[in-house]
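Some features that TrEMBL has for this protein:
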type     : residues : note
SIGNAL   : 1-15     : signal peptide
DOMAIN   : 31-220   : domain 'Pyrrolo-quinoline quinone repeat'
REGION   : 223-242  : region 'Disordered'
DOMAIN   : 236-287  : domain 'Pyrrolo-quinoline quinone repeat'
DOMAIN   : 297-376  : domain 'Pyrrolo-quinoline quinone repeat'
TRANSMEM : 406-428  : transmembrane segment
């Protein structure tokens, strides 16, 4: 594994970030903060390859985290490169969970690793290696993780893997327990009950499971209907969402339905037919009165807490991304047509949309008037939407971006070894004097001039990369890592 760190000060402000998948442990896809009211693109950041991961945001909103084809990124909230952790043999489709107490970002890789890394630097603190599920009827005989971790108040991360549901201690990376989901992989992302004594998760065994968060034993399980044309075929890819009002667990399934389940008993209250597969996860209004669920047909459904239709809006293309509800009643959802839509959550009316040109498979993240969206095609981009007025774009060399670099200017990036497995990139004219002053040795491993390593006219940032070989590491430098 290799980590890249950009020497830059990220702006920070005390705020509530989208620090876990679906916004928090309920997985209800809601926030009290307000998203953007217009579709202005502030910036976009180029990642390597494709990933279906969703972004998450540090609680102080200084950094956005997202996975790529061969690693994981921390991107400063102004769109500049923060850090990069190379993950050998693994795409990162898992969304991260952030613990400020432990200064930790936790995520899973398609190589089967559960990673706990420093939230500011990307340095690995611990790794848990999951195993292949050899008993699986439908899964692959290799370790992999699609699931996104959820963090409890007891400093435990729960995450699904090929061989079951894991409970991992944040402080040490010690595995507390592993729940076997009938010998099948767990692709769904777990949710927690209000008292955090129960973990809810779906499996490709076709069941929704309720698991004791302390012991890892089953409390109850409920089987969905599977595919309509093949009831014996699983699965539950949708992540459960828990109502803040009464603890009802809502989950979608490949049986073309949204199910409402009593969180205490596992008894089904009602099922709502969507007329197509449900891969996405529901959003549940904080008052518990409305549930929002898209289907692969492209229709977004609003359903009452009694299982009755409130409205439906057809977006025209499959929706696999999860919807997000902000504090003023705007519902954001992306689809395979490459658009993110802002809907009036009360009536389903489309307020505006933004065409990214690439598929949107992960949920947006909402933070203080901004919407962070990852798109996939040949490459993955992290986009930032925000503002009510003019776009942040500029083609003028006199205009400055939030990080202080002029759009369209040529910047020479200097690759500098500052520790084992750590490479710093900084603008040569700025970074080199600072590093020399603080006692860092400066072997130039790679220098690049050009717009691809600096802000360019359309607001795109591209991360600089270098292959770090062990022979490049001599003694560790003096001075503190910045």
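Heads up, the Cβ atoms here are built off N, Cα and C, so glycines get one too.
In the predicted model, residues of the domain 'Pyrrolo-quinoline quinone repeat' (236-287) average a pLDDT of 91.
Using DSSP to sort the residues of the domain 'Pyrrolo-quinoline quinone repeat' (236-287) gives these counts of helix, strand and coil: 0 helix, 20 strand, 32 coil. For the domain 'Pyrrolo-quinoline quinone repeat' (297-376), the DSSP-based tally of helix, strand and coil residues reads 0 helix, 42 strand, 38 coil.
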